[in-house]
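Step one of this worksheet: look at the structure below.
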Amino acid sequence: MSPQWCVFFSSVLVALSFGGLTEACSCGPQHPQTAFCNSDVVIRGKIVGSEEANLENRTDGTGMWLRYEIKQTKMFKGFESVSDVQYLYTPHDGGLCGFEPSDATKQTEFLFSGMVTAGGRLTVTVCSFIQPWKKLSPAQRKGIMHTYKHNCDCRITPCNSIPCELSTEAECLWTDGLFSRGWDHVLARQYACVHQGDGTCSWAVQKPAQQASGLHGASNQ
C-alpha cells in the first residue's frame, strides 16, 4: 500500500474509532515524482459535474461518497487499469480525507492522481496529488509526461531535520522543507530523482524541451 493511502486509511480509522469526522485527515509531504509513482492512474482533465453516491447501500446516511464526472483530456499513467476515466470518487466528508474543489475551480483543468479500488473505481483524497495544470511548473510537466515513469525505483525521502542520511544509493534526499515553510519549492518544482547508470540515483534538473534545445543550440554556436 502506498504511503498516501496508509495516511488515508489511518485517518479513517481514527475518525471511526473516536466518533468524530473533522480534522482527522493529515497528509505527509509527497514529491510529485513519488505521488506519480505511487498512484495507479494519473490523468489531466476537468470536473464537469458532481453528485452524491451511496456506494455501500447504507440507509443511515453515513458512508456517502462524492462522484465527480470528469472530462479527461490526457492519460499519463494507468492504461492497464482503465481506458477512459469518466468518474472520480472521494469520501463525502472532509474529515475522511474527501477532496472537494472550490466553486471557483470547477472549470479548471487539473492533474489528478488516484488509486483504483474495488469495482474499478478511481478514488482520490486530499492526500492525492491534485493540482491545477496551469500551476505546474514546466519541469513538473516534463516529469509527468516523461521522466517520472522511468525512475520510479529511485526513492525520494523527505528530510525533516538535520542530519539526514541516505539509506541506499538509489535515494535522493528532499530538503525543500528545511529551507522554507513548505515543500513546494526548488526540488519539487524543478528536479527529478533519476538513475545515473551505475545503480545510483541523484537529483537532475528537468529542463523543458524547448529550453534544453535552445541551450544546446547556443552551445554549438
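Positions of Cβ are set from backbone N, Cα and C atoms, glycine also.
Bear in mind that TrEMBL entries carry predicted annotations, made automatically and left uncurated.
Model, not experiment: these values are computed from the prediction.
Checking C97, C127, C201 against TrEMBL, the residue bonded to C154 by a disulphide is C201. Each of C6, C37, C97, C127 is a candidate, yet TrEMBL gives the disulfide link of C25 to C97.
The record in TrEMBL lists a disulphide bond between C172 and one of C127, C152, C159, C193, namely C193. When you check TrEMBL, the disulphide partner of C127 from the set C6, C27 turns out to be C27. Checking the candidates C6, C152 against TrEMBL, the cysteine paired with C37 through a disulfide bond is C152. For C27 (disulfide bond), the spatially nearest entry among the disulfide-bonded residues C37, C97, C159, C193, C201 is C97, judged by CA separation. Proximity to C201 (disulfide bond), judged by a C-alpha distance within 10 Å, picks out none of the recorded positions C25, C97, C127, C159. Proximity to C193 (disulfide bond), defined by a C-alpha to C-alpha distance within 10 angstroms, is shown by the following disulfide-bonded residues from C37, C152, C154, C159: C152, C154.
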